[in-house]
Every structure is written in C-alpha cells, then in structure tokens.
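Here is what TrEMBL says about this protein:
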DOMAIN    89-523  domain 'Major facilitator superfamily (MFS) profile'
TRANSMEM  156-176  transmembrane segment
TRANSMEM  182-204  transmembrane segment
TRANSMEM  216-239  transmembrane segment
TRANSMEM  245-265  transmembrane segment
TRANSMEM  319-339  transmembrane segment
TRANSMEM  359-381  transmembrane segment
TRANSMEM  402-423  transmembrane segment
TRANSMEM  435-456  transmembrane segment
TRANSMEM  463-482  transmembrane segment
TRANSMEM  494-517  transmembrane segment
REGION    547-571  region 'Disordered'
Amino acid sequence: MSCSHPDKNQTQDSQVNQRLDQSALGYDPTLTSSEAASLPHEILTPENSAALAQNIQVQNVSRDSRKIVTFGSTDPSNPYNWSTGKKSYITFAGIVMVINSTLESSLPSGAIQAITEYFNVTSQIQFPLPISCFIAGYTIGPTLAAPLSEYHGRKYVMLGFFLLATISTLACAVAPNWPALLIFRFLSGLGASGPIGTVGGLYADIYSDPQTRGSAMTWFMIATTGGPVIAPPISGFIAAKSWRWVFGFGTLLATASIPLILVMPETYGPVLLRRKAQKLREETGDREIFSKSELEQRSLHHILTVVMTRPWRMLFQEVIVMCVSAYCALAYGIFYLYFQAYPKIFQGPDSVYKWSPGVAGLAFLPIGLGAICAAPVYIWWNSVLRRARKQNSPWTKQEEYNRLPLACIGGPMFVISLFWIGWSAKQNVHWLAPVSSGVLWGLGFLLIFLALLNYLTDAYETFAASAQSIASTCRSVFGVVLPLASSRMFETLGIAWACSLLAFLSLSMVAIPFAFIRFGNTIRANSKFCQQLKDLKVKEAAEQEERERNELQLNTDGNSANGEKVPDGLV
C-alpha cells in the first residue's frame, strides 16, 4: 500500500508517520470536493466489480489534509495478491453456494404431481407455480443484494440471503397449504438470489487477470446451469417417499454449506479499505484518514433520478442492451419451460415414454453434460485469441471478436436441439434420441450466455452494472411467465410443434451476434453511454498522468532536500 501527504512541508508525530507509511494512504491534488461527491455509483456485476477494484488507487477529495487509504501493488491485504490456495477456496465456496441456490429453483419439478395431489390442486396452469414463484424472487433479489454488497461487503450479504433461502426451504417442507407453499417458495427464491447476485463479483474481487477471471466465471455459469438439472432426479426419487422430504433434502444440503461462508474472508476492496481507514483513525487519532467510498455522497435525488432509472434507459435506448436482454431472456425462459415440457415427454402415464418421476428426472442430466462441455470450448477459443494477438492479427483489435464467436456457435446449436427433441419424442423412436438433444441444448445455452453477458460488460464497463441488472430482470420475467404458458401451448400444438415454435423464436435471435460483429463498432460509436465511457477514460488517463507527474516532482524535491531516497510509496 502507498502513502501520500497533501503538503510535503507538513510535519506529524513520528509514530503517526510510521503508521501512515505502513497503512497505505494516498492523495491526489487533482480532484476537488465536488468531483468526489459526484463519483459514479453502480450496482455490481462480476466484470464491473473487477474494474472498480482495479481503480482503487491513490485518490484525493479536496486540497485539505485528507488522506485516502489505497491498496499498493504488492499489498498482502489486497485480494488480488492473496495466495492461490485462498483464492481457490473462495472459488469453490462460491460454486457450492450457486449450486445450492440454483438446485433449489427446480427442486419441486420431480415432486409436482405429489405436491398438487396432496393440496388438491387440479388446475394444470398452477402446476408451474412452485418454480415460477421461486424465479419471481430471483427478479427482486439482485436489486437488493448488489447494492447491499457494495456497502456491507460480499460475505455477510451472501450469508444473510443464504440463511433466508435455507429457512424458507425448511418452511416449504412444513407448509400447511398451497398458498403458504408458494409464499415460502418466493422467499426462498429471494434468498437464493443473493449468492447468484454476488458470487460473480466475488470472483472479480480476487482475480485481476481477465483470462483467469473468465475461467472462474465459466465454472460459475456451469454451476448456474448444473444446479437446476440435477434437482429433478433427486426430487423424483425422494418424492416417492414424501414430497416434504424433497425440501428437507434442500434444507440439509444448504445447512451443510453454511460453514463455507462463515470461514470465507471478505473480498470487496472498498469495504476492506473502509475498515482499514476506520482502524487507522482509531489507532492514530488522525480524523483525516478516509477510504474513497466514505467520501462518496449519494443523494436520494441522484439515486432515484439517475442510478435507478439508468438500467431502464439503457434497455430502451441502447441497441446492444435491448438485443442481448431479449436473446438471453428467451433462452432463460425456455430453460425453465423445459421443467414443464420434459414431464410431458418422459414422466407419467400420459407422457410419451411413461417413466417414473425419478427416472424421468435423469433425462435432464445431458443438459448438465452439455454445459460442462462449454468449458473446453471456452478454453479453446481463448487459446485461439492469444495466438492471434501474438501474431497481431487485425481482427483481434475489434472488441466483438473477443466474445461473440462463441454465441455464433451456440445459437444454431440451441435451435437445432429444440427441433431435435420436438420431432424425436415419439413412441416409435428410442428414448435415447430425445434425451441426447439435451447435450447440444446445454452446450448452446451456455455458449450464448457466456458470450453475450461478457460482451455486455466489455461494451459498457463502468455502466455494465446497469446493463447487467436490466438483462437479469428481463431473464427472470421470462423465467416466470413462459413456463406458465407451457401447459396450454403443448396441449394446443403438441410436443413437436410446440418445440418447433420455440425453435423458430430462437432462430430469430441467432443473427444478433453476427450483426454485432458486423455493425458493433458503428453501434457503439453512436451509443450515448459508450461515448460517455470514452470521455471518462480520456479524463481518467489525464488525471493519472498528472498524478504521476506530481508524485515524481515530490520525490525529486524530497531527494534534493534530504539527500536521500524517499521510501517507496511515501510522497
């Protein structure tokens, strides 16, 4: 960590000087109080969090004696500098939390028949409600978890939301009636959205290298897909004994995972720096020591009129945000519609193959296998990019080529898999044919998400949080609504044409990544938010250059005056 004083002629107590030197304080004479008050505030997303953490450098809020705590490049308290073992533990803990949360989303799928019979629910339109109510909680949760994690840190926000999910799942196991079960499912979804909304930021906090962070995010996305697809066989077999034990299993699994969060360290840089600044004020008695986040003034008017409206403005004003949100929302809605479609194909006496709930749940596993296959595809594409960059290939300089080719591959796979399952699910066709379509579906689904969501972050950087939050809201809305239409759609169109309708809708989206590759530069050049981002980068570069010039001058003056080298980082 580094230390900078606003006035090199100012003297301090030697003990205080020593503490400040050891504690990493910084000062930037180029930033005024009013500028500090207008520092941008964003809801976190995985990539945006990394950008923010990298920008925690020596900063100033005014031309007075305030000193700002910062991370130094080799500071052991900086999460970027933590050991590989420590980072691996955090990565593993995050994946376990995500699997827990996403598994809960589809946990009732193999027990719907038993649950509806117990509560005398006969309307098939209500059958998807235990899953849809959970996804409705997903819609609201991220808007709470993300800003809370900005202020209180990742660990305790994740723990609080995860405890809510665990307790609500236990309540589902003892629900006295159908409405109570649906309310508890909504609360469970609200709690489960906490890890979903913060784990990506958790990885961005500890991995500064985009390649390493991208690999961690790949496994994060695999976990978000794998959790829902392993739940149906689990619930199908357990429901044969008691549907209440389906939720009991979820409660036990979540309870066993809580210790992983309890021993996990806090990772969010601004929170760590705020704690450090508070500790230094107590130890040194210097009340002018602050972290950057402590000096940000966030008025209610600014939050309501700028921050809260920005995601919606981006949805309707930004072509990239609109198209990415639409594509991902459709794919996500189809994902959760599958939990209603698969039972019509595989489960029960009225289905095509007439399997038991537990065996029918196994049909989801190929989707998880396909999602896992996305990891080597992602690694392969990264290796292609690295080789091309070393050779200075012109196409690597276009931002769209970094991410979108994966979506160009995944989109057609997604469409083909929908036609595949729709027209192969027949009594005279072996069950292996429709089941195998899940591998292609899972691979295509994850490649689409990995490419488009990462591209959204690359395109908007500082504004990526707003873009990601509105995309998440759109996905959750489709995840709630589309499954509710599944019963009527399959009854009216039949399995083949219902799946074909979904395939044609998906086909209409396939051109999006190709269009971005062709016209992406033009779209971003005409984007209001991208231009603001460009102007911000120019300003930050100028400020950084001036800071370095000032520090160099102070070092030179210090050497001339004292005839000795100024200690590293103390200016």
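Using N, Cα and C of the backbone, Cβ positions are placed for all residues, glycine too.
Highest Cβ pair count under 8 Å relative to the transmembrane segment (319-339), across stretches 156-176, 216-239, 245-265, 359-381: 216-239. Looking at which of 156-176, 182-204, 359-381, 435-456, 494-517 has the most CB pairs under 8 Å to the transmembrane segment (245-265), the answer is the stretch 156-176. Over the domain 'Major facilitator superfamily (MFS) profile' (89-523), the average per-residue pLDDT in this prediction is 88.
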